[in-house]
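*Asks:* To start, I am sharing the structure in question, which I have written as structure tokens.
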Amino acid sequence: MLLNVLAVAAVSAAVLYVLYKWLIPAAVQNSGWLALIWHDVIVERVLNILTGLSRPQRMLKAVQKNATKGDPQSVIAAIDYYCRHKEWAMNVGDDKGPILDSVVSEVNPSTALELGTYCGYSTVRIARLLSPGSKLITVEFNPAYAAVARQIIAHAGLQNKVTLVEGGSGDLIPKIKEQFGITSFDFVFLDHWKDRYLPDIKLLEDCGLLKKGSVLLADNVICPGTPEYLEYVRNSPRYKSQYFQSYLEYTKAEDGLEKSVFLG
Ligand SMILES: C[S@@+](CC[C@H](N)C(=O)[O-])C[C@H]1O[C@@H](n2cnc3c(N)ncnc32)[C@H](O)[C@@H]1O
């Protein structure tokens, strides 16, 4: 009797493990929404309980263990490896990352703004490409994420190029000129909550923080999606806009970046 109970328990545990580790992740790979619900809601909560750490803290540990201090590329590689093989996270990721890199390199911004820092993955990607003397301001309203991002940016040795501001984008944007002495941004990466993309670029316009030739790059325009933002930048005579197709981070579901040049 006891042996039967143990056998049933062992088989059930094995089935659950296979489901959790391989079958469900494979099944949700091609659907952005299912992938987000599985990884971002279910797995994250289970791992938080099991490890007593948050997902950003687990990512930070992976960076501290596997990345070389002062080497941004190794920080990026450590995060991508962790997110592909251990646990999904909402970084721009290694499919869309090279698109971000090529736009940053093409613009070669002196002044750059990132809305939505999370753990600093895209911050590191952008800051490592900046020319000497250039500056990146990155904005994050979650203090726990900001604390992790500061450590990851420092691990990459990029703390002198980056100013991380804690607070909401809508509160910060109107104060940027006065607080940081910046007249306009050459490059803006939008990667915060999707319903803020449109109000925040309108705020950037109203505050005079965009000049002719400023480049906006928006992540996740397909998944989770930013329909009002796309409608605006694609139809406004003030922008020339282009879509770059790719995949939602660490999945096979379609997502992409929208590059929009401000025409004045
Ligand atoms: C998708 S994650 C950013 C990922 C990051 N850019 C990367 O690729 O590594 C979005 C982040 O934006 C932050 N956020 C959302 N809305 C915000 C707002 N209005 N102001 C500041 N931060 C915001 C969230 O807390 C979250 O950390």
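The backbone N, Cα and C atoms fix where each Cβ goes, and this holds for glycine too.
What TrEMBL says about a protein is an automatic prediction, not a curated fact.
What you are looking at is a predicted structure, and each value in this text was computed from that prediction instead of being measured.
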*Asks:* Of the residues ASP186, ASP191, ASP195, only one is listed by TrEMBL in the Mg(2+) site with ASP219, ASN220. Which is it?
*Replies:* ASP191
*Asks:* Looking at TrEMBL, which one out of SER74, SER122, SER169, SER214 binds S-adenosyl-L-methionine in the same site as VAL92, GLU140, ASP191?
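*Replies:* Between SER74, SER122, SER169, SER214, TrEMBL records just one in the S-adenosyl-L-methionine site with VAL92, GLU140, ASP191, namely SER122.
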*Asks:* Would you identify which residue of GLU114, GLU166, GLU249 TrEMBL lists as part of the substrate site it also attributes to LYS194, ASN220?
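*Replies:* TrEMBL lists LYS194, ASN220 binding substrate, and from GLU114, GLU166, GLU249 it also lists GLU249.
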*Asks:* Starting from the substrate site formed by LYS194, ASN220, GLU249, give every other residue of that chain whose CB sits within 8 Å of the mean position of their CB atoms, in sequence order.
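*Replies:* For the substrate site the neighbour list reads MET90, ASP191, ASP219, VAL221, CYS223, PRO224, LEU248, ASP255.
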*Asks:* I need the most crowded of these binding-site residues: LYS194, ASP219. Count other C-beta atoms within 10 angstroms of each C-beta and give me the top one.
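*Replies:* Result of the Cβ crowding comparison: ASP219.
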*Asks:* Using the alpha carbons only, what distance in Å do you get between ASP219 (Mg(2+) binding site) and SER122 (S-adenosyl-L-methionine binding site) once rounded?
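*Replies:* If we compare the Cα positions of ASP219 (Mg(2+) binding site) and SER122 (S-adenosyl-L-methionine binding site), the gap is 11 Å.
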*Asks:* If we check Cα distances from VAL92 (S-adenosyl-L-methionine binding site), which of the binding-site residues LYS194, ASN220, GLU249 wins as closest?
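*Replies:* Result: the closest of the binding-site residues to VAL92 (S-adenosyl-L-methionine binding site) is GLU249.
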*Asks:* Can you name the binding-site residues among SER122, GLU140, ASP191, LYS194, GLU249 whose CA is within 10 A of the CA of ASN220 (Mg(2+) binding site)?
*Replies:* ASP191, LYS194, GLU249
